[in-house]
Amino acid sequence: MKRFILPLITVLCFYGESLFVEFLPSFSFLDDRIMVPRFLLVVLVMMGIYYFRNVTLIYAAIFGLLFDIYYTGVIGVYLFLFPIAVYAASKMMKVLQINVLALGLAVLVIVALTEALVYGLNILLFDVKMTAGQFLYNRLIPTLILNLIFYLIIFFPLSRWLQNRKKELLSE
């Protein structure tokens, strides 16, 4: 039963992103801001740090492909971005001490780089009329705030569970 919990968490995050956008009421203070939930990416980064990195890279590739199929018309963008993000985060945390602040900073950097790369690809491939300043103010900052809040909510329960699960698997 325990082996199904991690796939369930990732699937819930995958679908939770679209449900969050669908049911998020448009608050008047948001104006034309775009908050992009990257819940799956946050969970994958945490898995890359607290769980087995190679297993997490497989999860990242599978869910990256699903993300491309389900959300975008271009296959390969998230298929490569998610595993690269997980790998980069795991390498960053080898240099930094693993704690809530350092991992939070790593999550923000990974989400920001992912958003910037997706923005750059959208400019190259599609006719996007958003300037870099608009992207920064209207999309990147609200996205980082939303994902930081999500990270702070899930950090302690998920990190403890991932560490305990890893210990259980290593002891078997």
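The chain as shown is numbered from 1 upward.
Cβ from N, Cα, C; glycine included.
The model shown is predicted, which means the values in this text are computed figures rather than measured ones.
As recorded in TrEMBL:
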type     : residues : note
TRANSMEM : 6-27     : transmembrane segment
TRANSMEM : 39-63    : transmembrane segment
TRANSMEM : 69-88    : transmembrane segment
TRANSMEM : 100-120  : transmembrane segment
TRANSMEM : 140-158  : transmembrane segment
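The list of residues near the transmembrane segment (6-27) in space but at least 6 beyond its ends in sequence, with Cβ under 8 angstroms from a Cβ of it, reads 35, 37-40, 42-44, 47, 51, 59, 63, 66-67, 70-71, 158, 165. With a cut-off of 8 Å between Cβ atoms, the residues of this chain six or more beyond the transmembrane segment (39-63) that come close are 6, 9-10, 13-14, 16-17, 20, 78-79, 82-83, 85-87, 89-90, 93, 98, 103, 106-107, 110-111, 114, 147, 150-151, 154-155, 158-159, 162-163, 165-166, 169.
With a threshold of 8 Å between CB atoms, the same-chain residues lying at least 6 positions outside the transmembrane segment (140-158) that come near it are 9, 30, 33-39, 41-43, 46, 50, 100, 103-104, 107-108, 111-112, 115-116.
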